[in-house]
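Q: Next up is a structure, given as structure tokens.
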Amino acid sequence: MTNIRKSHPLIKIINNSFIDLPAPSNISSWWNFGSLLGICLGLQIITGLFLAMHYTSDTATAFNSVTHICRDVNYGWILRYLHANGASMFFICLYLHVGRGLYYGSYIYSETWNIGIILLFAVMATAFMGYVLPWGQMSFWGATVITNLLSAIPYIGTELVQWIWGGFSVDKATLTRFFAFHFLLPFIISAMVMVHLLFLHETGSNNPTGIPSNMDMIPFHPYYTIKDILGLLIMLTVLLALVLFSPDLLGDPDNYIPANPLNTPPHIKPEWYFLFAYAILRSIPNKLGGVLALVLSILILAIIPLLHTSKQRSMTFRPMSQCLFWLLTANLLTLTWIGGQPVEQPYIIIGQLASILYFTTILILMPLLSTLENHLLKW
């Protein structure tokens with residue numbers, strides 16, 4: 001008799017995806033982040049579901065309902081902070097996952113890569129709408145500023161913004177629809193994750209050398225299940241340390257002030273994981289130009305497969321490209337820092353230089369250096 005795990009219509013899909021899946025024998029811990037992202041998504045959906053049971057999406061009661069969750073609901077405080085800091089862990093894993101893809105040339109699998117970019121946009125949209133829900137000062141003003149950027153779109157901009165707001169300002173209708181979409185999107189993301197995995201399993205995983213590993217594969221279970229559990233334990237340790245010791249470390253104190261349309265906070269800024277894009281937006285003195293740069297800062301990932309000029313897939317054996325990759329990483333950290341600073345010198349010029357360097361590195365320096373490396377290796 002065949003093993004049920006290999007014959008049952010449903011279980012065999014799970015078996016072929018997570019148990020008997022052939023995986024390269026040499027993939028490093030950088031390949032852990034996919035499973036960590038799946039766990040983050042599951043955690044966010046579960047904590048979010050329980051929070052939604054007690055939250056009210058009305059401007060008069062939203063702020064108080066979050067306070068009620070923290071004070072009166074059994075373990076409500078841990079649900080709320082797991083959800084808020086879980087989002088931070090989600091983005092740390094996301095950025096490391098994308099960085100891994102860039103470093104090891106995983107973008108050559110273009111279907112998987114493109115679905116990944118759409119997933120990144122969807123997660124960013126979900127996180128933005130979630131930040132609006134507690135209805136604190138930064139929630140309200142963040143929603144106002146970011147949605148207002150759409151008014152830069154020629155001809156339809158103003159109407160589009162008012163259509164999204166459901167009125168002439170961010171108000172009751174905006175909060176209700178943001179809650180509806182914030183609840184819905186994670187389930188759409190879950191479906192897209194399945195498509196992401198479907199395309200990945202068509203080609204199989206890449207590996208640190210960038211060389212096909214079809215002749216040297218091992219089963220996913222037990223080797224990589226155990227390896228993923230180690231990654232999970234490390235992530236959970238960091239998350240629980242954040243939640244239990246300093247839950248507000250990554251948040252903004254202004255969000256503990258109820259939303260007040262008549263009082264603007266001195267520095268409007270998004271959560272830390274959007275600061276690099278916010279810095280790029282602010283570095284361009286023109287509204288439409290800034291919005292375009294903001295979108296392109298993420299959308300640029302879509303053309304990276306076209307900019308791959310190297311004869312090697314991975315950066316493992318390309319020390320010059322490695323230097324450029326770490327320069328890009330340092331540049332993104334600089335942009336993140338600048339995004340949280342007030343709009344004054346020297347921050348303005350640093351932000352502008354870092355923004356120029358970001359696009360220059362990806363669009364010009366990386367392809368040129370890859371070509372130079374080919375010549376140096378006489379390829």
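Residue numbering: from 1, along the chain as shown.
Just so it is clear, glycine is given a Cβ too, placed from its N, Cα and C backbone atoms.
Sharing the record's features from Swiss-Prot:
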BINDING   H83, H182  heme b b562 binding site
BINDING   H97, H196  heme b b566 binding site
BINDING   H201  ubiquinone binding site
TRANSMEM  33-53  transmembrane segment
TRANSMEM  77-98  transmembrane segment
TRANSMEM  113-133  transmembrane segment
TRANSMEM  178-198  transmembrane segment
TRANSMEM  226-246  transmembrane segment
TRANSMEM  288-308  transmembrane segment
TRANSMEM  320-340  transmembrane segment
TRANSMEM  347-367  transmembrane segment
Q: Could you tally the C-beta atoms, other than its own, that fall within 10 angstroms of the C-beta of H182 (heme b b562 binding site)?
A: 21
Q: Work through the binding-site residues one by one (H83, H97, H182) and name whichever has its CA nearest to the CA of the residue listed as 'ubiquinone binding site'.
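A: When the Cα distances are compared, H97 comes out closest.
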Q: Counting only pairs at least 6 apart in sequence, do the transmembrane segment (178-198) and the transmembrane segment (113-133) share 3+ Cβ pairs under 8 Å?
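A: In contact, yes.
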Q: How far is it from H83 (heme b b562 binding site) to H97 (heme b b566 binding site), counting Cα to Cα, in Å?
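A: Computed Cα spacing between H83 (heme b b562 binding site) and H97 (heme b b566 binding site) is 20 Å.
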Q: Residues sitting near the transmembrane segment (113-133): Cβ under 8 Å, six or more positions beyond its termini, same chain?
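A: 55, 57, 62, 66, 87, 90-91, 94, 98, 101, 106-107, 139-140, 142-143, 146, 174-175, 178-179, 181-182, 185-186, 188-189, 192-193, 195-196, 199, 270-271, 273-274, 298-299, 301-302, 304-305.
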Q: Does H196 (heme b b566 binding site) have same-chain partners at least 6 apart in sequence with Cβ under 8 Å from its own Cβ, and which are they?
A: T112, I115, G116, L119
Q: Fill in the CA-CA distance, H182 (heme b b562 binding site) to H97 (heme b b566 binding site), as an integer in Å.
A: 23
Q: Are there residues of the same chain, six or more positions away from H97 (heme b b566 binding site), whose CB falls under 8 angstroms from its CB, and which are they?
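A: Result: F33, G34, L37.
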Q: Could you check whether the transmembrane segment (226-246) and the transmembrane segment (77-98) come into contact, where contact means at least 3 Cβ pairs under 8 Å with the two residues of each pair 6 or more apart in sequence?
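A: Yes, the transmembrane segment (226-246) contacts the transmembrane segment (77-98).
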Q: Just to be sure I understand the packing, how many Cβ atoms besides its own are within 10 Å of the Cβ of H83 (heme b b562 binding site)?
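A: Around the Cβ of H83 (heme b b562 binding site), 21 other Cβ atoms lie within 10 Å.
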Q: Below 8 angstroms Cβ to Cβ, which residues of this chain, lying six or more residues outside the transmembrane segment (288-308), approach it?
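A: Long-range Cβ neighbours of the transmembrane segment (288-308): 98, 102, 105, 107-108, 110, 113-114, 117, 120-121, 124, 149-150, 152-154, 276-278, 280-282, 355, 358-359, 362-363, 366-367, 370.
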Q: With a Cβ cut-off under 8 Å, give me the same-chain residues at least six positions beyond the ends of the transmembrane segment (77-98) that come close to it.
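A: Residues 30, 33-34, 36-37, 40-41, 43-44, 47-48, 50-51, 66, 69-71, 116, 120, 123, 127, 130, 235, 238-239, 242-243, 247, 250-251, 271-273, 301.
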